[in-house]
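Colleague: OK, TrEMBL features for this one:
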COMPBIAS  B:96-107  compositional bias 'Pro residues'
COMPBIAS  B:188-203  compositional bias 'Polar residues'
DOMAIN    B:1-76  domain 'Lipoyl-binding'
DOMAIN    B:134-171  domain 'Peripheral subunit-binding (PSBD)'
REGION    B:77-133  region 'Disordered'
REGION    B:173-203  region 'Disordered'
Amino acid sequence: MSIMTYRQALRDTLRTEMRRDPDVLLLGEEIGVFEGSYKITAGLLAEFGEKRVRDTPIAEEGFTGAAIGAAMLGLRPVVEIMTINFSLLALDQIVNHAAKIYGMFGGQARVPLVIRTPGGGGQQLGATHSQNIELYYAFVPGMKVVAPSNPADAKSLLLAAIRDDDPVLFLENLALYNAKGEVPDDDTPGEIGRAAVTRPGRDITVVAYSRMAAVALTVAERMAQTDGIDIEVVDLRSLRPLDRETVVDSVRRTHCAVVLEDDWLTYGIGAEIAATISDGAFDWLDAPVRRVAMAEVPLPYAKTLETAALPSADDVTTAIRQTLASVGRRAGKDIP
Amino acid sequence: MIDILMPRLSDTMEEGVIVAWRKKPGEAVEIGDVLVEIETDKATMEHEAYEAGTLHEILLPEGETVRIGTVIARIDDGREPLAGTPPRDGTSQGKPPAPATSEPPIPESGSAPATDPAPTEGGAATSPPARRPLATPLVRRLARDNAIDLNEIIGSGPGGRIIRADLDRALARSPGATGHSVPAASGGATTPNGGVPTGATSVPFDTTRQVISRRLTESSSSVPHFSVTAVADVEELLALRARINAELDDAGQGKVSLNDLIVRASAVALREHPGVNASYSEEGRGATLLHEHVNIGIAVASDHGLVVPVIADADRMAVSRIAAESRRLVGLAKDRKLSGADMTGGTFTISNLGMYQVESFTAIINPPEGAILAVGAALPEPAAVEGAVAVRHRIRCTLSADHRIIDGALAARFLSTLTSLLEHPLRIIA
């Protein structure tokens, strides 16, 4: 077990996998000489050379397509798309090709492709560079989408993604790159499609993934002190396949839930989770499922407006208090 | 339009005093805004809005004392009231108050005008019985499982919704569910309010205890129980179990307990006597419901209380499968992970206190089942065998049955089949 950042965990895992398997190669903009816009690939060009760490033109559709072809022929490409916003330029390659080749052509070729890409706002990058659009990929059968919230999961899920025979969108988050945490030393891949109860609790279930799963843990620890409540945090970790069982199981025990997401509320991932809870835990619910999401606007550039639009720890705290109030629990006062 | 009700702000609160309105009619209300200050029996507390809108009208002025569940104000959220939402009759102890708003109140369709004669105590009684009270899905399920009429419960959730906390309080108050009611004759030991006697500690019920308390009180007081006991010589059964376990052990499989064999034997006996695998029904002039499946509940004393997980179709399962299923269910019970599904659908229950060396006992029927089997320990005792006294292992099985559907002779025939199976155990596994 070592303490390291999310960024370091990704970098180390890429290096280990490239050493382990000569078929693993990296493609992306500025990942070689410049060592990546967020320095995830630092040092890899020097170690593995231009053939396996390939700087590409600014042409997402082209290099994603090239990676799909390479994957079909047996390589294990790991594509870096600088931010998830630019993946829109490769949408056709991902949705219409990577996700469908295995099924459409009778299983003749698999597509063991990983697309690493960070989402997230809050960096004053403007509306077109601050989105959380992993939903677009989680929507598509044939894709797998994972979204680790801590360094340990970043490692275990990247190992799993690289070794998986299907296309995996590996969602990172700009706000998580410097997050530190314990990372196991062994190289056991995680299981794609398995959520984690990152904090067991009795009073309410908070479901989240990626950055918001980290926010949820912080809020849970704080509210245990300030409000004397015991929050269970379910970190989805994988958006497709979705571990509905863990979510339902948790809500059946706590009888109420708040779902967090960094994207927009309407038609969002929170809606899918709320429907999952309604399907699996209807008779266990003591309050309607509440969702916390971003304001329904293109994210403003101005810092104050940007902060106001993004879901915050305070928003989460308020939603939890409101839900608990509606089941007769008032913060710190009327708790048996 | 959203009704704002006098909330229940403490466990013991029955009524509250409106101390101060913090919003005026016509003012915008956001979620979390403080609407009103309310004095309870314990403290003065702020009551926040659960929904956003405009404060449409204040129905009760400052200084008024009102029962919980009474509508004290309305918020206009731009929507019509939901169909099926019961209007809440005011149960203010004072005179009907003058509306605090300058506009005349807009009567909602179906709601009683404020000028109606004073409603009777517990406003719900004046509502037509067909109205569906607002309640959460969890509350509806618990009410269904425990035969609770939601019309009798005042909701303290948003819009008067009945939440689990309301149900828990109602259960705790209902007769038979209080753990420490002390007869008046015991005099000085009780406090004036009939609370906890001196020298005693009150351990409040958790949900499991409440359910046990309510269901067994109901069963014991409403089901005419009788019990029948028979003795079975289990020497052969113990020998068979040893042989089965030796084989299972070699195969690396889990062992079979005496109880697993008794579950299987009971299931086979129930198949032979469908009248025991039955429930009483109130339908028509009364009826016996004969169950198609033989689903056997096993009473498990876990650290979290008595629970009865169910082995479905036990008559169609091999003993080794019953053993595996039983192990799984007991494990789940220990971890408090039994689901509702694991505990529903039982048609007969077995309670076994053999491990405590109990000779025999009688059990209370687990409703809506028709009978329950209480099994004692397999103890060595002198017995007459072919005219001579020999020491044999024997167990006593006591069947408690619902006399509305099961007569003594049927209970006796069932026990006779059961003891015969236990004494000729190859027939249990055949």
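Each Cβ is built from the backbone N, Cα and C atoms, and glycine gets one as well.
Keep in mind that TrEMBL annotations are predicted by a computer and have not been checked by a curator.
Walk me through the surroundings of each of these features.
Modeller: Using DSSP to sort the residues of the domain 'Peripheral subunit-binding (PSBD)' (B:134-171) gives these counts of helix, strand and coil: 24 helix, 2 strand, 12 coil.
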Colleague: Within the domain 'Lipoyl-binding' (B:1-76), count helix residues (DSSP H, G, I), strand residues (E, B) and coil residues, in that order.
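Modeller: Here the numbers are 0 helix, 39 strand, 37 coil.
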Colleague: So what's the average pLDDT for the domain 'Peripheral subunit-binding (PSBD)' (B:134-171)?
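Modeller: For the domain 'Peripheral subunit-binding (PSBD)' (B:134-171), the model's average pLDDT rounds to 87.
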